[in-house]
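Everything on this sheet refers to the single structure shown next.
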Amino acid sequence: MCAHEKENSGAPAAKGSEMVGMQKACPVLFWVMSILGFVLPKRRPSGHYRTSWVRLFPMMTITPLTFWYVFNYQTQFTDNSYDQVADLLAYSTCTFTIAFTFALAIHKRRETCILLEGLDRKLKPPRTWLSLAGVLLFLLDFGLLLLFNYFFVASGNFSILKWFTMTLIYPALPLLVDFYIASSICALNQVYDGIMDKILRRSKFSAWTLGSVEEFYAFSSPVSSGFFDKFQNGQQTKENQDLDDVDAIFHHLTSASHLVDLHNQVYSSWTLVRCGALLMKLLDSSYYLTLFFGSWEKFAGSLLYCVNEVGSFLLLCRQADLLKKNHSKVEGALLTLQQQPDTPIVDRLRLLSLSLHLKSRPAHIAVGSVGALGSHVLISLLNVALTFMAILYQYRPA
């Protein structure tokens, strides 16, 4: 996934560090998603992204394979008549989510190209150890689930193809998609972090990064007027031209808001489907956790599936919460700059207008057109699943 790290706001950026795009910020994940066909845009030498139709071939192989598995589903863990129905619900949900993601990649290919171009040269290079750790963690998780399916599902006349396909459907492919969307939100957070760091370096509010927005408003120490001195005296140099006037601030923030809007245009419907899929899979996990309580080997396998689902969705929610927090930080920084006594009247009015504009359009990850993604969504879905589990536990078979 993306390496998401904060620089010291008081220290200048390293000379050798070059900002990169999504393709180089998440090299392994981006490559895997491209090979599988979830990401159709391909970067050209000119820096533009164009749709690579060759990547449709893996998609055209994976989608029929997943539907073939669901239509020929015969696995049953117990003699309970509801067992096959409950498990088929989870695999049908995953199959629909995978097919929907493929369809979305085709339908929103142009918007995805624009989004990836907009993120170019705005992200930090990845840390090698972090990329390797992410790959190893995913491989370990995938191996454990393969092992679980082999011992408890792939017995008798169950073919190797079905054994591998069922692990691919649930949870390997959905997990990869979750990681990719979380990395995309992480990239948006890095864009806001970059703007915030530049504002803090200009105004020397490094102490605010350790506190909340309210603490920032209460921070009344005299502020260096270097930012506005350069603006008033017209002493703008090429290396510091990016945020030396209010117009540049407006340009950077407008660009960041546009990237968030593009992300929502591409993935808001997917986020809604993902929330519904999580609810279905949590209900399925509740059923099996209740059923296998006391049979600890199968219980551990069911718990692993549940932890995968909750963990990957929690990653999405945390990144979405962080985006809201970063937006509030930038909004607070602009409002505090506007309140400084050494700020020119014209700049005060423009900064106030910009702050009000940001306040009226907070950055968020849309869940379709019904709300915003956040930790509260996960808590609500977990409450439903736990209630369902409590009811099932009272009537579970002896």
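Even glycines carry a Cβ here, placed using N, Cα and C.
Bear in mind that TrEMBL entries carry predicted annotations, made automatically and left uncurated.
What TrEMBL says about this one:
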- 20-40: transmembrane segment (TRANSMEM)
- 52-69: transmembrane segment (TRANSMEM)
- 89-107: transmembrane segment (TRANSMEM)
- 128-152: transmembrane segment (TRANSMEM)
- 172-192: transmembrane segment (TRANSMEM)
- 365-393: transmembrane segment (TRANSMEM)
TODO: Give the one range among 52-69, 89-107, 172-192 whose Cβ atoms make the most pairs under 8 Å with those of the transmembrane segment (128-152).
DONE: 172-192
Task: Folded-back contacts onto the transmembrane segment (20-40), same chain, C-beta under 8 angstroms, at least six residues removed - done: 1-3, 51-53, 55-60, 62, 101-102, 105-106, 109, 112, 116, 119-126, 131, 134-135, 173, 176-177, 179-180, 183-184, 187, 190
Open item on the list: Looking only at the recorded stretches 89-107, 172-192, 365-393, which one has the largest tally of CB-CB distances under 8 Å to the transmembrane segment (52-69)?
Closed with: 89-107
Task: For the transmembrane segment (172-192), sequence-distant contacts whose Cβ falls under 8 Å of one of its Cβ atoms, 6 or more beyond its ends - done: 1-2, 4, 22, 25-26, 29-30, 32-33, 36, 38-39, 62, 94, 97-98, 101, 115, 119, 122-124, 134, 138, 141-142, 145, 255-256, 259-260, 263, 267, 270-271, 274, 277, 308, 312-313, 315-316, 319-320, 322-323, 326-327, 329-330, 363, 365
Open item on the list: Using a Cβ cut-off under 8 Å, which residues of the same chain at least 6 positions beyond either end of the transmembrane segment (89-107) come close to it?
Closed with: 37-40, 56, 59, 62-63, 66-67, 69-70, 73, 166, 169-171, 173-174, 177, 266-267, 269-270, 273-274, 276-277, 280-281, 283-284
